[in-house]
Every structure is written in C-alpha cells, then in structure tokens.
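This report refers to the structure that appears directly beneath it.
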C-alpha cells in the first residue's frame, strides 16, 4: 500500500494536482509515518505554495534532505535565521551542508540577505566548486562583485567534471536499464541552470530569491516566485526545480522513494515530474517526452550532431520547456512517444526509461544527473527533425538559456564521446554568458557587449541575452540602442518581466510617454503582482510629473518585493522630486542596505546632499558611485561639480575632462566645465568651451544664458545682450526668464556688481 | 486666467471664474510646505475644508471683517499664483467680493501686493502675484495673507471652498545657474 500511495502522490505531483497530492500524501504519512514520507508531504506543500505547512511538518527533523526542505520553507517565509540554523546548525559547525551545491547556494543567499557578504561569497564559491554548471551561484557572485572570469569558472575543469559525471552515469544507467536498450531513455535533467534564477536573483530587484531557491530545490516558489513563474513562463521553466534530489543523491543510502530515486523506481516516470516543484514538473514533463525516447541507435547517429546541438541544447531545452513549443516539440519528435511519455503514465517506454530526476542545481552530479549537455545530446538526437522547432522555441525561450530543465528520466545512453563534446560545448557557452554577465555587473558595459556578440546567433536572440544587452546599453547612457534591444527582447519573449523595470527607465529618459504607458499597461495586465510592472507604471506617472502617484506605484513595487533595490531607489527619486529629503534619504539607504553596489542609490544620496549644501557628504557619495561604475560620464560630471563646490576646482576640472572623454555625446560635462572655469574667472576658457557646446546643442537656452552672463562679467555688453536675447528666444523656464530679464535690465548699470545675475 | 483687467494697476475686475483648474506645468503647488490658519471659523467649516480638494466643503468665517487666511512657510519661497474656488450661485451673500493679498515676513510687516474685486464669480479665480516688471515674476516671501475685505450683498461672513497656491518648480539639478531645456541636456542630466 505504501508504494501505491507513493505512486499516486508522485503521479499527482507530476500532473500538478497538488490538492490531490497533498491529500494522498497525508494518508501516506498517517499510514506509514516516516521521515521520508514527511519529506514527500513537505515537498507537496512546497509545490502547492504552502510553505508554512511544510515548515511545521519539518520542524526539528534531522535528516539532510528534511533540513534542506525545512530551510527552503523558512526561506520562503522569510525566516532567515531559522533557515540558516537548519542548514548549518550552530551546534555542529563542521557538519556538511545538506544537498551540497544547492545547500551552499541557499546558505549563500541567506548570508547575502543578512549582510554577511564574505560568507555569502564563500558559499557561492563552494556551490560552484561542487557543481561547476551552477549558473545561479555564479550570477550571485557577479552581483556581489566577487566573481572570477567566466572562462575560468566555466572552463576546462568544469568540462571534465561534467564529462566524468556523465560517463559515470552512463555506465550506471546502462546497468540500470533493464530492458532498455531499445528504450530510449532520456536522462532528463532539470537543469535549471539557475539561469532563470540567476536572472531572478540577480536582478536584485528582488526577484524572488525564493525563485532561485525554489528552482533550486524544486520547491515551490513562494508568492513572489510564483508570480515570476506565472509571468515568465519560460523563465519559470528554468525554475523547474527538481525536488530535492540532491539530498537524495547525497544520502544515497536511503533515497526517499519519491523523487530521487528514479533509479530504484524504474516504473515511475511520474516521479520525475513529481520531484520537481511544480514548475519543474511542468518543464520536466515537457522536455521529458522528448528526451526520453531516443533510440540507442539514434543516439549514436546523433553523436555527430552533438556539435550543433551544443549551443542549441540549452536553448532548445529552454525553448522546449516553453509550453508553446513544448507541444510542438513533442509532436515533432521523431520518437513519437513524446506525448505519451509526457504523461509517463502509460507508456512502457517511459516506465522503463526513467531514471532519476536530476536536481536542478547541477548538483545532481552524483549519479543520475546527466549533464545538461548530455541531455541535450539525447535531445538532439531525438529531435533532429526538431531543429527548426527548437530554433523557434529558442525564440520563446526567455532568459533561460541554460535552463535545460530536463527531467532526467531513464538511463542515459550517452556514450563517452557525446558526453565530452556536449560538456565542452555547454561549458563554452556558459563561459561566454558568464563573462558577459560579470562584465556588465562590473559596469564595463562595452566589453560586456562585445562578449555577448560572440554568442551564436540562436542564443543571442533570446530574451535573457537581449535584455542584458539592453541593460548594458542603458548603463552606457545609449538609450536608443537600449530601446531597440529591449523591444526586440519583448518581441521574442513578451511575457518576461525581467529587466523590464530598466526598460521603463530607458523610455522615461527618452521621454517616450506613449511607449512607456503601453509598456506599463502590458506589464500590469501580464502580472499585477510583479514589482517590475508597478515600477513601469510609476515611471509613467513620473514622466507626467505626477510625483505623488508615481511614489505610490513605487511603494507598491516595494511592498511586493522588499528586496527589490531599484524600487527603493526610485521611491527615493520621487521623494526628492517632492522635496521630502528625509524620506528620500531613508529610501536610498534601504536600497543600499539591500545591494551595496547599487550606484544609483549612492548617486541619489549625493544629489540630496548637494541640494542641502552638505558638500563633503555629496562628494563622498558621488565618489562611491564612481568607484562602482567608473564609466558613467554623468557620475563623473557630478563628482566634478561636487569637487568644485568644495573649492577643489582643479580636481573638479580633471574629473570633467575625464567625463568628456568618456562620452563625447554628453554635453553636460562640457557645460559644467564652462561653469567651473567661469567661476575661476577663466572667462576665455569658459567661452571657448561654450562655443563648442553651441555647435553640439544649438537649442539649449542655458548655454546662451551662461555665455551672456560671462560676457556681462567681461563687460562686453553687446554680446551679452545678444546672447541673453537668444536664450530668451529658446523658451527657458519661468524662473530663468525672470533671471535673464533681470540681468538684461542690469546690463546698463555697469557699476552694479551682480554675481548671481 | 479669466481676467479682465481695467486700467488701474492695483485693481482688476474678475467677472467669472473658470470651471477647470488649469495651471502651467512649470508651476507646482506650494501649499503642503505651509502652515495654514484662519482668523475665525464656524465649527465644522474650518481651515481643513480649504485644503481638502473637495469643492463641496467650505470654510465659513465667524467674526468681524476682514476675514483672513494666513499661509506661513518655513523658509522664503517664490510664489506666483493664487487660485480660489468661490461660487456665487451657491453662496450668494457669502461670496467674497473684495480680496486683498498681502505678503511679508510675519504678522508684523505684511504689505499688500495685490487687490482684486470679484463680480459674481462661479468657479476657480486666478490671482497672479507677478508684478509688471519681468524681474518681479515671483513674490519671495515667508508669509502670505489672503484677506476678504467685503462680501457680495454686504454679507458679514464668507464662504471659500478651496485655495491653492503655486510657485515655480525648483531646478531639478542643484547648483546650476539655469535650467536645461533641450532634450540632449535633459537626457544626460540625471541618473535614474
């Protein structure tokens, strides 16, 4: 009876029937109370979005897997200290972190959110060393500014490691496969290469950690995550978290019957699905069919195609995961059984073939996890015909390039060579992406863009990469290119919300109120519970100068995800526009508490202090912003201004020169330079700069006004009059009109000293 | 502004008020930074009704003329426009007819800067504080006092439904002598 109930639960989980699963699992636990069964129940709860129930069930349990699940539920309920003690009990400081890489990752996230950056970095590095394909951990490291070069991390060693895993698995699976030779088993692996999660996490904007962790563990995502899940179908895909297979893997001794154990339970394809969190199941089921049935013969045939499959694997997988593509893919699958395999239920193929599910986090290296590459291989094989569909699926693929949520099912029939080529291709792909991501986090955006261009076309044209490209252009203050990249990303993955907050800011800068309001409406209708939608709305109102409503919208975004640093910064900007400096400072500081490397918040604080004439503070904050993002000409020009107000005008001028060099298109540093020169009484220099500026921005009234002012100081009244007149023609603001007119009147009173015009 | 100005530069007759409140974008409401008080009021119709954005509620005075609305700021601010909502059709003899606007540092040194006469107004009445001189586009002051000197039909008390005060927007970029107007400058002027 226990097995029957178990199968029932697994089946329900696979089909995302959580209510059923929870009910049956409760019966299972009542009938056969054991820790593994409680783990299964907890997993059901987590997947059904009831982290609190899982919390109560697992409280006090000691098994590694239970502690891991407990930590996940605590994390989703935001009880970070309990999560930490679960993973890393204070009483046993040297105990191993459960679930290897996944556990380290979760622990890293906890440390990050409790401000222990160094320990966080340490754990992420450990996670990466255990599982070299752990993208999410690498992303976190990039965000914290502590990542090594992508090629180093995703390099030879990683490749070898992966190959080893696969060969080991391959052998194991071969032995496992009872009657499998003809069965095509596709090792499904939920690779959530944390791509989505990284994205999620990385956007510090609060995507839910939970997502990450969820993916990671295959636990359900918490509310926030679920919203992500909902939104980014594809992204979600990536989240397919495999059910704590890791734990299973690790404690190979008593792998809970449920998920992990695919090996043991041959006939349980549903297990695979069940393992993962709902999402993963979704994903897994989708890809699963495809994967599964690769003929052995086909596999061999396909080894030649490994090369092509390389870059497409993940995308394909990711794409396939996409619901839309999924069905296509499966239908196209040569194997034909794909559909049925999807449901695993009946097909004997599936029953035979399923191997354990791999946990997403790459950790699964242990036995069953097949390398994503491997999976891809099989994929490839099975879907030769699907190349076209895969490319289309690529299109759907949002950001999860690496997603490869593959449910590892069945024994892999990967040959060694396949494993090797697959692994190296995957690793090269990850290296490029990782390097690009790292560079953009370091704000060397031009280099990041170059790196992304090295990607194969199929990967480049995916939502994630295009959004990253857009973001890089944004940081370089190239708003038009950013707009282009983002709109392309939206065409490719219209339901993804990642980085859409940045896109809304780009449109704000370009003053495209039509496009911005359209974007905001679309985002809100896609997902009312995503902070990015409300950020876009807020930007819309802010563009209309309705700062109070904008503030309300940004506060909503903050409420939806308190770990979304950018929302806090935008709240700060709105407070400043409303002249409420106290609250502005508070908002900026909360943004910095979440993410110290958020240079916009440092800049915001600098602006407030500049306004309040606390020049020392202003200079300090601008400098901090400059240290983080040393290529932004805007920050450099403000730093120069701050230096000038501190009477360190020479340094200010140096900084201005740097700013001018950094970005020739930015007129502001030149203007500021002229300002500084004028106040240093170097009128000729100032006039020279202003003449140059006149050519660049002929319709800017402040340029003429400043020139008029300088001529007035030099007592060249005619020229002054001329320039004031020109300035007035260009319709400056009311205050300036008054100032300029007053200046004109005073022109003819040569004795009057008028410093302020 | 729906103003028909007569010859005198001290007085202008305002015949009708606007139904819409339309203000230039370059102006913003300053009232939030101020402390508002009134010389007298009937319980239930106090100073809050002047600021609640509700045209149904009004302030009713309860004392001798002139009735005063005092607006005190914590620092000197530039003010350009005062807008009142009054309605002759609803308030008849409670509708103010002569209004004087005074400015200064405090109660002790208020000076009259503007005086208007209303004739059966219904709706928003705009009173600009600018002088004729282009240099005097704004009034730079700590305190503004709106005095209702007399009402229509010689009523004793007065009803005012809403008052708004406008001033120029500050330069979004501090320490700049002038504000930027062209798109290239504005795009590069801030980090968001």
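In case you wondered, yes, glycine gets a Cβ from its N, Cα and C as well.
Features of the protein shown, as given by TrEMBL:
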REPEAT    A:101-134  repeat 'TPR'
REGION    A:304-344  region 'Disordered'
COMPBIAS  A:324-341  compositional bias 'Polar residues'
REGION    A:365-393  region 'Disordered'
COMPBIAS  A:373-383  compositional bias 'Basic and acidic residues'
REPEAT    A:531-564  repeat 'TPR'
REPEAT    A:565-598  repeat 'TPR'
REPEAT    A:599-632  repeat 'TPR'
REPEAT    A:701-734  repeat 'TPR'
Helix, strand and coil residues within the repeat 'TPR' (A:701-734) as assigned by DSSP: 27 helix, 0 strand, 7 coil
The repeat 'TPR' (A:599-632): DSSP-derived helix, strand, coil residue counts: 27 helix, 0 strand, 7 coil
DSSP-derived helix, strand and coil totals, residue by residue, for the repeat 'TPR' (A:531-564): 27 helix, 1 strand, 6 coil
Intrachain residues whose Cβ lies under 8 Å of the repeat 'TPR' (A:565-598), provided they are six or more past its termini: 115, 117, 143-145, 204-206, 441, 501-502, 531, 534-535, 538-539, 542, 547-548, 550-551, 554-555, 557-558, 604-605, 607-608, 611-612, 628
Counts of helix, strand and coil residues, the repeat 'TPR' (A:101-134), according to DSSP: 27 helix, 0 strand, 7 coil
Secondary structure composition of the repeat 'TPR' (A:565-598) [DSSP: H/G/I, E/B, coil]: 27 helix, 0 strand, 7 coil
